[in-house]
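Asker: The active site, nucleophile feature in Swiss-Prot is assigned to 177. What Swiss-Prot lists as FMN binding site is 64, 65, 66, 67, 68, 88, 141, 174, 219, 247, 270, 299, 320, 321, and the listing cites similarity to another entry. Per Swiss-Prot, the feature substrate binding site maps to 68, 113, 114, 115, 116, 117, 174, 179, 248, 249; the stated evidence is similarity to another entry.
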């Protein structure tokens, strides 16, 4: 059935297809229709897992970028995910980069996007989270507005942290999108140190205010040198971050040279990212020595490479591009088998 749906949406521009899918899932998540979707999916229960102090119904999640504004929480939830990471969301709404900005690399099962954090703003997202009936864990992925300078960047993250804290199972700090100018600079040196220090200080204040501890993860890029990775791992440990998501999209085109759309600017996700993200997980795991849990993301399209990420050191997994190419059966297969 999904193959038929995929054939239809693949006739559309990639972003239009994405928006159409979100609307379908929003409708499917409606209390009137959700039982129908659930009966079609027959989502297995999966294996509960406690990571970052949070109880996840199962270790399979939706990666950020799929439901940026939380418009289809209950629809995605009905597919069987143990957790959904919403966003990336910024303090105020922004349009993102010029269209077209999403491109399929069908033969490689990849996607290139240069969206640029297009979203309706944190307040819109929080309203959707408040109204959702989904029983799994909701993660909220936060970023900075394009017009905010690097020097002021931490203010945007603190603003979003304040808004999201009481409504999130965990929060992700996204400093690794390649589509906001200079954003990845926040992964390095004094910027990184200062950002994490500010975030941890604010987390302590909010934990006291709300009388609950909401863990904070950092999402990193796959395009890191060995020394950069070591430095990032050291900084994460030093600031006692609660989790790390490895990885975001890649700016490398090594795996797709010569393919249609490979020349497009932006971050590459899907199968071409598979090996690279797993290698980063493996190295990160060696550096972190079990002190900080890793959430693995990047190119998961089946049980084998999902298992590879677990063996490399990931405790939870996230999918997005694989869902586009393989449909809900991918989620079902992973939930049923990954512990």
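Every residue, even glycine, has its Cβ placed from backbone N, Cα and C.
Help me understand the surroundings of these features in the structure.
Answerer: Residue 177 (active site, nucleophile) carries neither a helix nor a strand DSSP state and counts as coil. Counting only residues at least six positions away in the same chain, the Cβ atoms of 88, 117, 143, 183, 184, 248, 249, 267 sit under 8 Å from the Cβ of residue 177 (active site, nucleophile).
Taking the Cβ of residue 320 (FMN binding site) as reference, residues of its chain lying under 8 Å away and at least six apart in sequence are, in sequence order, 62, 63, 64, 65, 66, 269, 297.
Long-range Cβ contacts of residue 174 (substrate binding site) within its own chain (separation 6+, distance under 8 Å): 64, 87, 88, 141, 142, 143, 219, 248.
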Asker: Please report the three-state DSSP label of residue 270 (FMN binding site).
Answerer: strand
Asker: Taking DSSP as the reference, which of helix, strand or coil describes residue 141 (FMN binding site)?
Answerer: strand
Asker: Please determine which of the binding-site residues listed here (64, 66) has the lowest count of neighbouring CB atoms within 10 Å.
Answerer: 66
Asker: Taking each of the binding-site residues 116, 270 in turn and counting other Cβ atoms within 10 Å of its Cβ, which one has the fewest?
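Answerer: Looking at the binding-site residues 116, 270, the Cβ with the fewest others within 10 Å is that of 116.
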